[in-house]
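A.B. asks: Got a structure for you, questions after.
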Amino acid sequence: MSYIEKQEFLAELKTRNILKDISSPEKFFNLKPDQGIYIGFDPTATSLHLGNYISISLLKRLQKIGIKVLAVIGGATGMIGDPSFSSKERKLLDFKTLNANKEKIKKQLESFGLPVFDNFEIYKNMNILDFLRDVGKNINISYLLAKESVASRIEVGLSFTEFSYQLIQGWDFKFLAENYRIIGQAGGSDQWGNMVTGLDFIKKSNLDQKDEAFVFTTNLLTDENGQKFGKSLGKPIWLDPEMYSPFHLYQFLLNQSDEQAEKIMLWLSFLDLKVINELIFKHKKDKKQRILQYNLAKQVVFDIHGDKGLEIAKKITKILFEKLDYTKITFNDKLELKKIIPYFKVSFFNANQIIDLGIFKSKRELNEFISHKALEINGSKISNISDITEELKDKSNLFLLRKGKKYFFMIELI
């Protein structure tokens, strides 16, 4: 890739509002074909989330233009926990949990076509004395304490374990530069301090490429309130389809505001900027059609879950919100629905049973919905409470209940 092409690539990252800071654009422009860039992912859960996907998509963008990339899974750093801009100490994971997380996230990253390296390989044979002599000797404690990411935690308390995190992440960079010619590191904007520590380790080394290393950060994926998409706020949008279905991701993206949809489209989609601008123009001409949101949902769900995941998401959306003819709902569709809407198994089915299940608070409420023609079972409008019988079951012994416009329930007769 030529110098000019790299300039154009960086300019596009700025236009998409992906790029936050870069230590040296010139060093990125002069990146050699055998040199590469990495991003780290700590295995603190069984799945990565949408906040991580901006980093995954960045590696894919770099890969697409011919730059060597590496996804580094934090088998070592995950044991410690990154304190950067965190308000409290992170809970340490036991080895069994960490290793299970590691395996799942490794498969997840590989599913996006990314090569993966586990940083535990760097430290598994290093003892504490080696670490203090080789790593600790090369860094000044006052330099570390001055970092904003550390200073923000000093007053509330910072353990030596978490304090050491930036040393390990920094040493990762030096090791990868020395052994794999990985001289660039990217990450979220909250990682700047840790990444610059790695630059310092490299500058103090005897590497022939020590003056070529650089780091750059991306803006964090945030909601309308400026809160980052992640798991720490308690509402993670997992990339694992078993933990957060393609349908739920599709709906999440469909329900974004115009401003937020435009922002996420630029961040996460691989559509050309010209195409995105055309979609924005069409959307503004008739906002009720939600052209931007539909295209955003389509692009991101396809990129994360593939064609099958997108088709499932679109089909379930039709079933639940566009009143698809019940006869066109397949058995596989029903299996997917069971994962998405409240699902119950019962040995008998009648009006009292659906009240006992909590679908209706009382017989009075049930009758109110029936009188307003607001209860459907397997596509049939219920006009009388006595119509709620097992005769309504389908061939799979299933009942799909629609309560009003928004609430759905699946009941299986066993």
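Even glycines carry a Cβ here, placed using N, Cα and C.
Sharing the record's features from Swiss-Prot:
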type	residues	note
BINDING	Tyr38, Tyr165, Gln169	L-tyrosine binding site
MOTIF	43-52	motif ''HIGH' region'
MOTIF	228-232	motif ''KMSKS' region'
BINDING	Lys231	ATP binding site
DOMAIN	349-414	domain 'S4 RNA-binding'
A.B. asks: When the motif ''HIGH' region' (43-52) is classified with DSSP, how many of its residues are helical, how many are strand and how many are coil?
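C.D. replies: Helix (H, G, I), strand (E, B), coil: 3 helix, 1 strand, 6 coil.
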A.B. asks: Quick one: DSSP breakdown of the domain 'S4 RNA-binding' (349-414) into helix, strand and coil?
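C.D. replies: The composition, in the requested order, is 21 helix, 18 strand, 27 coil.
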A.B. asks: Please report the number of other Cβ atoms within 10 Å of the Cβ of Tyr165 (L-tyrosine binding site).
C.D. replies: 25
A.B. asks: Using a 10 Å cut-off, grab the number of neighbouring Cβ atoms around the Cβ of Tyr38 (L-tyrosine binding site), all chains included.
C.D. replies: 24
